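Participant: Handing you this structure, nothing more for now.
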């Protein structure tokens, strides 16, 4: 007779599993006050997440083994008709490769998030694999979104560069422990999938997500390009106009 | 390729400067887009006519061909990998699909807030989309026929002078029944139109 033949036994068994389980999480860096942390999650290969992050959240994505690939899509929380526009994200800053100060722009001329720190090995051009796209669709469905709400995405930690003739060249992963930091300018729904890159089919490893509240970071200018400053102006104007509204216009 | 002279013309229309246009191009039909005056960007979105959720993906297309430029032989794919159309002839050699469409909103960033109410491609796309039961959620990164967007070694990219000329054309063969939305780009702040939007001609043959 097994212990799970009775409801009491099944309940005790179920509770014992959680009590003894070890949950893999990213380690908290010593320079971050643990009280400010709002998210600490390790996503295994093939996994995904759908997370709402407030304005002024500092998000750190990590590649702890030098093997992950993070496919990202952002929408305005509560106003998902506004979403990441990858074409504007490369066209407006005149730059295809993500690095410090790069805005992730919405289709409404606003900054959803700014890249604070990123070293190479990212891609705005190739989009998701079939697996990653499916995971992004699942993540979106959890937020009440349909596949048509999920537009072109960006990939972190596995990059691609463009040759003079337009040919795409995969760059593989960056170093073990590579991170990408973002500051969130408007409340966002973050959809993220851990899956291979279309030009680099190697299986992925763990992906870390760590986020903490850092509203003062919005007061620091990360980029003084006129295009960027106007995007911040648009963002602040929309935020100020809708400040006491449940849903931002 | 079969030339237009031996094919039956299904439609032959001139899209005025700055205007939207849409059509369903049936499987096997060919669409010729003719840059009548030269240096005119033609923004274009494609959907399976039978299933609008199966839509053009710039990212899937360039990942599959491992090149950012569209030209003869490029197969225009949906997110799910469905071939919608194939470029069967190209007199220019280099078309963009990474820079997307101009919008009133992005114009405020690129050129300044004084451009906020200028006509832009997203307005054309929405106008054409709404007539077909589609909306803003259905708009994704598009093709820009005749627009030249190089990416330099350090990642710098931008819209530069076009490679087209009066009368040059690109020819697409529909692999399945395809809904084609077009914005004959009204942008006047960059060289994609030589700062002067002009009409283009759309010829469908079978």
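Residue positions begin at 1 at the first shown residue.
Yeah, the Cβs are placed from backbone N, Cα and C, and that goes for glycine too.
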Participant: Can you dig out which of the ranges A:1-31, A:32-62 TrEMBL describes as region 'Disordered'?
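Facilitator: Feature region 'Disordered' in TrEMBL: residues A:1-31.
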Participant: Do you know the mean pLDDT across the domain 'DUF1989' (A:42-185)?
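Facilitator: PLDDT averaged over the stretch: 96.
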Participant: If we skip the immediate neighbours and take only residues 6+ beyond the ends of the region 'Disordered' (A:1-31), which ones have a Cβ under 8 Å from one of its Cβ atoms?
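Facilitator: Distal contacts: 37, 40-42, 60, 62, 64, 206, 208-210.
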